[in-house]
Amino acid sequence: QGLKRTEHEGFGGGNTAWEEEKLAKYQHSETRLLEVLEGICTPSDFACHQLLERSEEHVEQWWFHEQQQHPDFFQWLCMDRLSLCCPPGTYGPDCRPCAGGPQQPCSGNGQCDGDGTRRGTGLCVCSPGYGGPFCAECGDGYYEALRNKSHLVCAECYRACGHCTGPEDSSCLRCKRGWVLHEHRCIDIDECGTEMAHCRANQFCVNTEGSYECRDCSTACIGCMGAGPARCKKCNKGYWRDGAKCLDVDECASAEEPVCTGAQEVCENTEGSYRCICTRGHVRQDGHCVEDKPPDAPEKGFFDDVTEDEVVVLQQMFFGVMICALATLAAKGDMVFTA
């Protein structure tokens, strides 16, 4: 890119003709090389600067001595001199051909692992819809929509088909898991009805296309045949059966004796059980219900309610009284008053 950018430039300024005659042509000058190198890396690209620093001697060698014989700088530096890259369609330390050949690796339907580098396995990683060691076949769930000597186009089968001859649901040759083939059509298997499902004890089975789901029973049930308290096999503790449904037992209302016997306690019914709570105006402390009242406030001192302004006034009054008393004593001669 730097070579293209400076292709039509010159030394600039002064007598360009004299400069080119005396200082050699700009096209092959050190000035142009420096201008190219200055624009190679962005300021924040540390890896680029590091690579350029390691390769600087090679760059100068090519610029002044090799570019006439080896005009392809990438080939000369990256492949031949540094041995970091391989030609397209090859891979590994020896630049061996990728699977499917270097001209069209992986039949054009995938990526060669390590293509163009000195790493990788050379094996094909096929694009979606393609398969085989050279990506020259259609993968599971796809069929050949078009094939000629150089190209293969694979299209998606009907969603239930694992292998097919066309896009219709009647073109199936093999079904995906969870479906069964019947007259070239894939029919969903009801895993719940055929006892193929494996759900836990307190779950029920729901059939889905090609599979099934296990969902939790209602909390009212011990084992169930579906969703809700009307599909229970057996009612859970804290519930009673009313026809087909398992209903919550109201322990607070149905008990002959009070179920909450602590002082200031009342019973509150919950789903499948109950709990004992404190009456209004009481809180539970150490397992007992006690009256909810704020802690006793400490007794106020004599000056607790005095404001800052009032304190200032009191101080001024105190000092005034003291000065008056001292002045009176001094006037009577009972003491010597000095400043």
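Using N, Cα and C of the backbone, Cβ positions are placed for all residues, glycine too.
Per TrEMBL, CYS135 makes its disulfide bond with CYS126 among CYS126, CYS138. Looking only at other Cβ atoms within 10 Å, the busiest spot among the disulfide-bonded residues CYS126, CYS135 turns out to be CYS135.
When averaged over the domain 'EGF-like' (94-136), pLDDT in the model lands at 95. Mapped onto DSSP helix, strand and coil, the domain 'EGF-like' (94-136) counts 4 helix, 11 strand, 28 coil.
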